[in-house]
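Participant: There's a structure below that I have some questions on.
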Amino acid sequence: MAAGKAASKPSLWQNERVRFAVCFCGVFVCYFYYGILQETITRADYTHAGKKEKFRYATTLVFIQCIINAAFARLLIQFFEGSKQDHTRSWLYGLCSLSYLGAMVSSNSALQYVNYPTQVLGKSCKPIPVMILGVTILRKKYPMAKYLCVFLIVGGVALFLYKPNKGSSTSDEHVFGFGEMLLLLSLTLDGLTGVVQDHMRGRFQTGANHMMLNVNMWSTLVLGIAVLWSGEVWEFLAFTDRYPSIIYNILLFGITSALGQTFIFMTVVYFGPLTCSIVTTTRKFFTILGSVLLFGNVISHMQWFGTILVFLGLGLDAKFGKSPKKTTH
């Protein structure tokens, strides 16, 4: 009798709160270090023979990242899932990978024009396109509290990104505007990615590791063609030959990305893309603090007020925001 009760007792992993806590902590730890490595690679000055240069190979960086992500997902499937079948349509993985890598390349490229805290707060808008496209395409319905929380996030991000006109038109202002456009493109593609992922989990019950593997394999294929066609990969190899110390940071960057993506796709499968986008946003405040402390990026009082609004909205969402009432896949 006692043995029967013990056998029927659910495992700790079946507890939704435990599962969510593991996903959140995994995302937080992995992407905190990921963000530091990203800024170290893309914003550092590299000096060779008295000449300074910047890292300008965002596409190749994402290409390497996708290879490591796919390899890691394959290992997870091999050791933990065995012969479990995946019935998801291949074209859905292809569409998801195109929007996913487009968002990533745009976001990484934006770092060449804006500092990391600006990029992070800009990407904090991610729940907005995920919600909008979910409502318009998948016919999701959210409670009013959810929309209020999103409004607070939008207002906070707008305050953070706003810069008063100092009365002169400089190239810096133009460059900042281009960075904003890259962030906007990245957010739109994030929303499309969320819609496709929601459809896959609802229609095909796609597993986290299979989603991670196939999305990254498609991304590797597309990016491999892109970097070979443009010749960027050869310029990247020449750059690493001049600065071999960067290879260590790139490998660490790829490993932290793979670990972080494991928790990201677990969150998508178990809790949905909107919850995942909110999780990835809440950890950004600590990423910003880390960037400010380590790299000396200055944040104004208005930007701090915007930051407070962003995370006030996220806090209210955690307390009052409910799951969508209806989803049509």
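Glycine too: its Cβ is placed from the backbone N, Cα and C atoms.
According to Swiss-Prot:
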- 21-41: transmembrane segment (TRANSMEM)
- 60-80: transmembrane segment (TRANSMEM)
- 91-111: transmembrane segment (TRANSMEM)
- 142-162: transmembrane segment (TRANSMEM)
- 175-195: transmembrane segment (TRANSMEM)
- 220-240: transmembrane segment (TRANSMEM)
- 250-270: transmembrane segment (TRANSMEM)
- 292-312: transmembrane segment (TRANSMEM)
- 325-329: motif 'Di-lysine motif' (MOTIF)
Participant: With an 8 Å cut-off on Cβ pairs and a sequence gap of 6 or more, do the transmembrane segment (21-41) and the transmembrane segment (220-240) reach 3 or more such pairs?
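Facilitator: No, the transmembrane segment (21-41) does not contact the transmembrane segment (220-240).
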Participant: Any contact between the transmembrane segment (250-270) and the transmembrane segment (60-80), i.e. 3 or more CB pairs below 8 Å with pairs at least 6 residues apart?
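Facilitator: By the criterion, they touch.
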Participant: Cβ under 8 Å, sequence separation of at least 6 from the ends of the transmembrane segment (91-111): give me the contacting residues as numbers and ranges.
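Facilitator: Distal contacts: 38-39, 42-43, 58-59, 61-62, 65-66, 119, 122-123, 179, 182-183, 185-187, 189-190, 192-193, 196-197, 199-200, 204, 211, 214-219, 222-223.
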Participant: For the transmembrane segment (142-162), which recorded stretch in the set 60-80, 175-195, 220-240, 292-312 gives the largest number of Cβ pairs separated by under 8 Å?
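Facilitator: It is 292-312 that shares the most Cβ pairs under 8 Å with the transmembrane segment (142-162).
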Participant: Take the C-beta pairs under 8 A between the transmembrane segment (60-80) and each of 175-195, 220-240, 292-312. Which stretch has the highest count?
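Facilitator: Between the stretches 175-195, 220-240, 292-312, 220-240 has the largest tally.
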Participant: In this predicted model, what is the average pLDDT of the motif 'Di-lysine motif' (325-329)?
Facilitator: 46
